[in-house]
Amino acid sequence: MPYDATKMMDWQISEEAEKDMPSPWQWQEKLGLLKEEILPMGRLCKLDFLKIMNRLKDKPDGKYIEVTAITPTPLGEGKSTTSVGLMEGLGKRGVNVGGCLRQPSGGPTMNIKGTAAGGGNALLIPMTEFSMGLTGDINDIMNAHNLAMVALTARMQHERNYTDEQLDRLTKMRRLHIDPTRVEMGWIMDFCAQALRNIIIGIGGRQDGYMMQSKFGIAVSSELMAILSIVKDLPDLRKRLNEITVAFDRRGNPVTTGDLEVGGAMTAFMRNTINPTLMCTAEYQPCMVHAGPFANIAVGQSSIIADRIGLKMFDYHVTESGFAADIGFEKFWNVKCRYSGLKPHVSVLTTTIRALKMHGGGPKVVAGLAMPEEYTKENLKLLEKGIVNMVHHINTIRKSGMNPVVCINAFHTDTKDEIALVRKHAEAAGARCALSEHWAKGGEGALEFADAVIDACKQESQFKFLYPLEMKLRDRVSTVAREVYGADGVSWTPDAEAKAKMLENDPKYDDYATMMVKTHLSLTHDPSVKGVPKGWVLPIRDVLIYSGAKFLCPCAGTISLMPGTSSNPAFRRIDVDVNTGKVKGLF
């Protein structure tokens, strides 16, 4: 029986479901794993991916299903909930199913968006551990990342304070001539802290560091998090952590973590992060959690490692991409799958009637405020105008050769005529379409959805990339802008174009993937523009270089790597029951 999600908070549903949650050793038996492949951590466990992959290397892969969404409202449209609901629906159909979601950042958890654990009866458990650090991967990434900044700033201080002779005699340290105006990396923390976007460090005497402008980003924007999502194994992690560009010297040459001799220590912090954490849904379907990069400012994917394990362990493996199809799906398609070599079968387009009404010209949706009545009452005119956004994303998925399935993530305010209108346009655009009530009913409410996905998986995928790596950077950006965003073209600031030309002329960057940095709230660079706008140009103001991840990141519009905390954050409603020690108020 599903829980009454209209009367119970998510954390209350999680508490009830946790009473019968399998232990790590029960999971070992249920999943047919060997004892040495389970790494217990309290009531959770990690999976030793090398041991599992070595044992299952000859087993055929299962069906590979990606979950994305239409351009969302600021509230999000329920991709995590839909991913969990699909696992539960497939489980109700008796198939061997599992999946992988990203680890949530503490910033959104304590801010507006919540935990990304799903919701209602389509929920990952245990919710407290999921929301409050899980098995420590983000903390390990923060330590490794900030250690690189410690190495850099200490080196700058010592090079200023000591002569060449003293440096050689004391430490055998060669002078790197670091340019304090060209420090790329910055510091990170796992909260939305707008006060730390621009800071001055090193204030004090000569022993108090090197005084310069610096910055903080949110932990999930770190290149190290992106690296975790794409690495193949521990040697690959070690190699990439030694190649990160931290700064540039006064001649314009990169200063790397290898130059600072810190890559090995960074790997020591992250050695355990390469193993995914095993959790489950409220209906006890297995789901891994691994990596957590945002999609608008990073790659937005759970890990290749977890997908490789899942495709060996399960007949159907579900993975989620961040934000909408123009952001997360595009990176799944052209970045993640290029690195992994895996061939996906189906892409689920999570769709809500409220978001389509917004794209049709509905009133502004503001987190924390009541929804205007246009969203809670039938309005076929707004809906029909906004459906173009869904159709645009269906067409994007079809360009990849994958089979699209539109999931109408049901709300109790949706009417039969509204649902029928969405279904008609989705099917006319070449997608299968299913209504799903997984939030209210769990797997039982997702049977139509599960059946549509099973049917789509029977159709052979014609997967292909949008562009070849041989294509020049500016041409790749133009291709993504035109084919995925619907832009007429691309404009470059003089500095950004000069940087792009430099990168195009250096063969070292020929095999770097292109990872766009853009708002998730619009197909354009302007978050206020909704629907499917025409006659616009994508402005590129910079190109970031992630030399460890091997990403070139063109930045469209103004994007901050450190979000801000709102005036009504979630942490105001989170507390601990001091009699039981249990956390309450998470959502």
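Every residue, even glycine, has its Cβ placed from backbone N, Cα and C.
As annotated by Swiss-Prot, ATP binding site applies to THR73, PRO74, LEU75, GLY76, GLU77, GLY78, LYS79, SER80. Under the three-state DSSP scheme, PRO74 (ATP binding site) falls in the coil class.
Residue with the densest Cβ environment among the binding-site residues PRO74, GLY78: GLY78, by other Cβ atoms within 10 Å. The secondary structure of LYS79 (ATP binding site), as reduced to three states from DSSP, is helical. Listed in sequence order, the residues ALA69, PRO72, LYS113, THR350, THR352, ALA355 complete the 8 Å Cβ shell around the ATP site centroid, once THR73, PRO74, LEU75, GLY76, GLU77, GLY78, LYS79, SER80 themselves are left out.
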